[in-house]
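Summarising the annotation, Swiss-Prot assigns transmembrane segment to 21-41, 50-70, 88-108, 166-186, 217-237, 255-275, 283-303, 308-328, 351-371, 373-393.
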């Protein structure tokens, strides 16, 4: 009989507990920073875009380096220092009086944040039993997506009940608590072997090795490209939803918030389902997720003239978008965890973090440009058609790969006979 995931897994439970608090802290901080910029520092739309860029750009640049550090040094120590750094940066936001100060602090915090994810993912692979790695990744995804739903809601409640500055103090406390929990994690088991003089290599060479590992695995590369395209379109949807909502008569002002919340709920549902089903074909998940996202994105503009029913279906479309993204993102994370050796995982996850963050930025920026150029409704439709085409290509690729495997197997059997 198969043992439950968390039986005798104190280290894994400690890591996930720290991740839960840290992820909530991330979403509390995002809401508090946006509120501070918009209502106290009177940021313009361009200022808000620069604010998001100052948070995202360091992740893109430092992703591969952070991954290398996660493979070279103790991941527990890296995560601990990352949380302490984020806590101190968050407290500093209380004393901000100019927007440029907020840009600097967000960039510094982003540098600390970029250290956390590759180290956490590498530690997850190290601590989770091989037989339960799929469940562990699903639980980790459930934590992240639950935080996306409950973090902003909690942050809004705290801001309404107290003040923005109070939320910064609470947020810093969350990061400090996460650091305290991380103190009880075991040190990395693979470090003693990985850091022997014979195996030490130059930093740039190590980063290249991580990127080359991705190139050598066609399925991993396909998953990464699909995840980036899907994330790109999802960010267009999130960033331009408020513009599309203007075409809905009688739409409540909080509709954009509902759309973002149900998108997180869709990803949460997918994470829960994926953790219970053994994945036999990753390409099937990639193609299904891309097709569903294409249908939901392309169909959203046609709902604007349907009154209350259209608004309800529009919210449901964002639920489908979130679930569809989960069908690509979560199996891809499982694929990486199950195929990448533990001493390469930091570098590979660092490269993935850079690529997906770049896709998010391009989605946020490109969505505005595309909507200005051809109109927001047509932008949704074009993106939907593009995704459907990519989903069909992936599905055809799956069929071709299966046919080749069948022919090879049949040929081998004939040769043996």
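First residue shown is number 1, and so on along the chain.
Using the three backbone atoms N, Cα and C, a Cβ is placed for every residue, glycine included.
Contact between the transmembrane segment (21-41) and the transmembrane segment (373-393) does not hold: fewer than three of their C-beta pairs are under 8 Å, each pair 6 or more apart in sequence. The list of residues near the transmembrane segment (308-328) in space but at least 6 beyond its ends in sequence, with Cβ under 8 angstroms from a Cβ of it, reads 141, 145, 223, 226-227, 230-231, 234, 237, 241, 245, 248, 250-251, 255, 258-260, 262-271, 274, 285-286, 288-293, 295-297, 299-300.
Contact between the transmembrane segment (217-237) and the transmembrane segment (373-393) holds: at least three of their C-beta pairs are under 8 Å, each pair 6 or more apart in sequence. Remote same-chain residues near the transmembrane segment (373-393) are listed as 226, 229-230, 233, 236-237, 240, 243-244, 247, 287-291, 293-301, 304, 367 (criterion: CB distance under 8 Å, separation of at least six residues from the stretch ends). Packing against the transmembrane segment (50-70) from elsewhere in the chain are residues 33-34, 37, 43, 78, 99, 102-104, 106-107, 109-111, 113-115, 117-119, 122, 203, 206-207, 210-211, 345-355, 357-358, 360-361, 364: each is 6 or more residues past its ends and has a CB under 8 Å from a CB in it.
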